[in-house]
Each structure stands twice: as C-alpha cells, then as structure tokens.
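First the structure, in the form of structure tokens, and then the observations on it.
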Amino acid sequence: MTHPSFPMDLHQVEVPPPQSFFNSLKYSLKETFFPDDPLRQFKNKPPSKKFMLALQYFFPIFQWAPKYTFHFFKSDLIAGITIASLAIPQGISYAKLANLPPILGLYSSFIPPLIYAMMGSSRDLAVGTVAVGSLLMGSMLSSEVNPNEDPNLYLHLAFTATLFAGVFQAALGLFRLGLIVDFLSHATIVGFMGGAATVVCLQQLKSILGLVHFTHGADIISVMRSVFSQTHEWRWESAVLGFVFIFFLLITRYFSKKRPRYFWVSAMAPLTSVILGSLFVYFTHAEKHGVEVIGELKKGLNPPSLTNLVFVSPYMSTAVKTGMVVGIISLAEGIAVGRSFAMYKNYNIDGNKEMIAIGTMNIVGSFTSCYLTTGPFSRSAVNYNAGCKTAASNIIMSIAVMLTLLFLTPLFHYTPLVVLSAIIVSAMLGLIDYEAAIHLFKIDKFDFVVCMSAYFGVVFGSVEIGLVIAIAISVLRVLLFIARPRTFVLGNIPNSMIYRNVEHYPNAKRVPGILILEIDAPIYFANASYLRERITRWIDEEEDRLKATGETSLQYVIIYMSAVGNIDTSGISMLEEVKKITERRELQLVLVNPVSEVMKKLNKSKFQNHLGEKWIYLTVEEAVVACNFNLRASKMNPKKEESEGWNSV
C-alpha cells in the first residue's frame, strides 16, 4: 500500500559550522564582559585619534569641556551653589553618623567631587557622603575599635577602609565585573535602604533627647532599651528644638515636592536650619542647658592621610571587609541614581566607567583625609532639579566647600548637634519607600519577601545581617530559577498553526496522540535531574488523561527547545535517558528548534545520530504535521513496525 503524499515541505535543522576553541572562547568572553563593545569606537582610527578617544573614555571631561558654553556655566553655577548649600550640613551630619570628626564630612565634599567631575560619565550625579554608607562604615568599624576610646586608630581605619573600597570599586570597573553589583536586586535595595534609614532615624534619638551615654548597637531593640532606660536624662530643650527643625525640614520638602519650581526651598532648608540653630544657641546660650554643639572645626584644606593608613593585623582584615561591603553598597546606589537621571534626560552612562570613577575618587580621597563617597539620591535630585548641564556643577560645589573650609568653619562652632540629627532624620524618611514595597507586593510576592527580609534583618539584626539575608534570598531565587525551570504543555490555537501554553490559553487544543512540551530555560547539571522527572511525569499524566477520556493513545513526545539557550553534558545525558524512557513505552521522542549552541553539542555527542535527524524539526508546526503523517501512515499500514520520518517520503 502506498503512503499518502506528504502535505508540506519541511526544513532541516542545520548543525552550525565548526568554530575553533579560541574563537568560541573569545566570543563568550566578549559577550560576558564587553556587552557594550567599548572598543568599537577605536576601529579604523589613526593612533593619534585612538589616544584621544582613550583619554576621553577614562576622562569624559575632555569630551564635554571643548563644547562647554557660557549658557551651560550659568546653569551649572546655580546647581553647584544649590547642592553646596545641602552638601555642607549633610557632610557634617553624616560624618557624625560614621563616628568621625565633623570636619571629615567637609573634606569628603571637596576632593572627591573634583575627581568625579573629570572621570564620571553622569551629568547629574552630585558626589558626597551618604547616610547608609556612613552608618555601615561606622557600625562595622566600631565593632573592632571603640571610636571614643581610640579615636585616632578609628579614624585611620576609616581612611584604610575607604582605600580598599576604592580599589575594589575601580577593579570591578577595570575588569568589567559590574555583574556582581547586579546581585543587589531592586527589591533588596528598597528593603535594605528602608531598614538602614529606620535604624539611622532611631539612632538620632541620642542627640534629639540630649543623651550622653548611648548603645553602640544598631538594632531597634538595643536602641529602644537604651532610650527608655534613661528617661531621667532626657532633655526637653533639646527634644523641642529637634522636633521643631524636623517639622520645618519636612514642610519645606513637602512644599518643594508639590511645587517643583521651588526646589531650592527644600535644598536650602538644611543650611537655613544650621544658621538658625547656631544663632539660637549663640544668643540663648543653650549649650549650657543640655544642647550639645559641634564646637571648633579646624580651618584649612584637607591634610594628607597617606601615612595614616593601617596595614597591620588584625585591623587590616576589618578594613578590607568593611571596604568591600560599603564599596558594593555605595556602587549600587551611585550607579542606580546615575542611571535614573540619565534615563530622564535620554542619555546613557557606562556602568563600568562609573565604577572606575567612583573607585578612583575614593582612592584619592583616602589619601586626603576623606572617607567613603558616592552619588547620593537627595543631592543628585537637587542637582537635577536645579538644571545642571554637566558634571561641572560638582566643581562649583567643591569650590564652595573649599571656601567654607578656608574661611567659614568657625561659624559652625555653635551649630547644635540636634539640628544635624534633624537633617539626617528628614533625609532618611525619604529613603523609607513604602510605596515601592506595596508595589512589589502587588507585582511579585517573592520580591516583597526579599524586600521585607532585608528590612527586618537590618532593623532587628544589623546592617550586615540584613544585607547578607537579602543577598542570600536573591541568590536562592536565581538558583531556583536555574534548578527548577518551568515546563509547559503546548496546544494548538484553533484555526491557526500557532502552539501556546494550554494553561495560558484555555482555548488551545491538545493534539491527539502527541504530547508537546516546552522547556523554558537552559539545561544544566543543576536542573537535568528535575527535568527528566518532570518530563516523565508529564508523560504519565498525559497517558492517564487519554485513558480516562478514551482518546487516541500517546505516540509522540515533542520537546520544544527554542528557549534552551545552552546545554551541558548532564543535560545531554538527561535527553538520552528521556529517549530510553520513551522507547520503553513505545513512544517516539521528537526535538524542535534546538538553537545553534545546543545543536552543536548534540552533534558532537552523537545524540543527534542516536535520535535520528528525521526526528529534529525547525518548528512545532512541522513536527506535528510529520507526526500526524506517520500516524496516518501506520494506520494504513498496520504491519509496519516503525513509522517512517520525512526523509523516507
């Protein structure tokens, strides 16, 4: 008996042309570390042009400075002065948060912005100290050295930690390892920042209540115990002053948020608070009634600190650990902030160049009495709203801080610490992004769990514990995605040749006698065993369903592999086992659209030959047509023991 004519022309899945190991390795490394192809601009250029492009790559100032105009200068001047008015009080406040002398906050707002202006690729990032980084550095270093008992050693450790943070950051950029920062997911950062902000706010109760003795612990239980065990030492004068300035700062921020044209009101509020608080203390002598003041700030520019770096045991290990942790956190914050504002202005920033720039400014900063700096959101938002055009706004800010260091530091003598605490609290409340947490809950419950784990880990444990918990859960999720990939049963959309997930499209019809499965991830050693068991279970469930409904018995198992980007030897062994399982059940295994990398390995492993080229198809449509053809042919010729593939037609 003759077979019916085959209904359509079929396309064979090709094995990709052979490629040398060197070329394959080169391609893999390029895709892993150079997805943006930074060397593209150097092609077919003379040596002099290549040198200039290299100079512009590492120092973007040579790219925008020749095009700089007076119009840009006017905008950057206003923006620079505005962010300086915020940077000066914030710098002093955040230095206290890190248990460091207040003057270091001003030092850190002078040198690092100059470095970033030359090397940074963001037009909007305003560089300076950050609250979370300050808190993290303070908590990690104070666990090793008490800042009150040995302030010099603590200070030198802070410089050393800043050096290692900078080296680590710059190395990540130079070796194109920014993917490490990607493990800090959005959910992790939201929870971590919120938890750190909560802890920072709680720790400000020391200055707001005028307490002298306070816990060194950062968790909420230690802080609350310390606060309520000293109710007899609370100073109402300090508390009233603190809450008045917190209210003032929050009102100005609310006003500027509602009326963006008046952004400068919120930006000027911290400096205004410092001036008003200093005048109040000066004329009322409040320092004699429990209101602590900053005291004398040393005039002059940054002294060198290269000789103060600590490279001896056991302190060096603490500095390295602290530097790596705060370096990662500050990188994540700085790059995220830079990318956010770049998106608003429709330009791109290079994450690896940003790492080199931030790392270099921290290395240089550690040599010039600065501690950890990055691009904080609050200062960058003010810079953006003030209309900055280039990174020159950082230079203007740096000059303003320099003039303050040279001539104005004595004016901060009477600045009450409670005002600095009020500035910190008002800034930190903006980092508790409850709206983002609610959004995460609505969109992805697992991300919400990650966020809350980070938050409660920081609040009830420590900053380090919260960070470790959040990263561990995020990595666990990645491993679950790899180890437990999704598999779907595909059905035919009526009146079409389209095949889709039957759970997603309830109207999709299963093809009689054929089970079509889709694997939605690469096949590796981590998921090979799971996929073998899951495919076997799909076959069992399909056979049970067919027996219950009395439909045509199962004859073919089609695996759609378009989403399988790669496969290793364990994955190939899994396919071989699945082939044996289907053979024992008198079923035929069929593969659809293995991508080039997968096809190459199937060919080298001889699995392609064992399966037979006639059972590898380009599309699900072609595979179904071929299987149906063979089903009809076997019915017309029941003595035929093995159905024939399309090559025999």
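Placed from the backbone N, Cα and C atoms, the Cβ positions cover glycine too.
TrEMBL lists 504-627 with the feature domain 'STAS'. If you look up TrEMBL, you'll see 125-141, 153-177, 183-202, 209-228, 234-255, 262-283, 324-344, 356-374, 394-412, 417-434, 454-480 marked as transmembrane segment.
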DSSP composition of the domain 'STAS' (504-627), residue counts helix/strand/coil, works out to 66 helix, 21 strand, 37 coil
With the greatest number of Cβ pairs under 8 Å to the transmembrane segment (324-344), the stretch among 153-177, 183-202, 209-228, 262-283, 454-480 is 153-177
Residues outside the transmembrane segment (454-480) whose C-beta sits under 8 Å from one of its C-beta atoms, at least 6 past its ends, are 132, 135-136, 139-140, 183-185, 187-188, 190-192, 194-196, 198-199, 217-221, 325, 329, 437, 446, 526
Long-range Cβ contacts under 8 Å made by the transmembrane segment (262-283), restricted to residues 6 or more beyond its ends, are 82-83, 85-86, 88-90, 241, 245, 248-249, 252-253, 255-256, 291, 293, 382, 385-386, 411-416, 418-420, 422-423, 426
| message | Is the transmembrane segment (125-141) in contact with the transmembrane segment (153-177), using at least 3 Cβ pairs under 8 Å (sequence separation of 6 or more) as the test? | response | yes
Given the transmembrane segment (209-228), its same-chain partners at Cβ distance under 8 Å and 6+ residues beyond its ends are 135, 139, 142, 146, 198-199, 202-203, 234-235, 237-239, 290-292, 418, 459-463
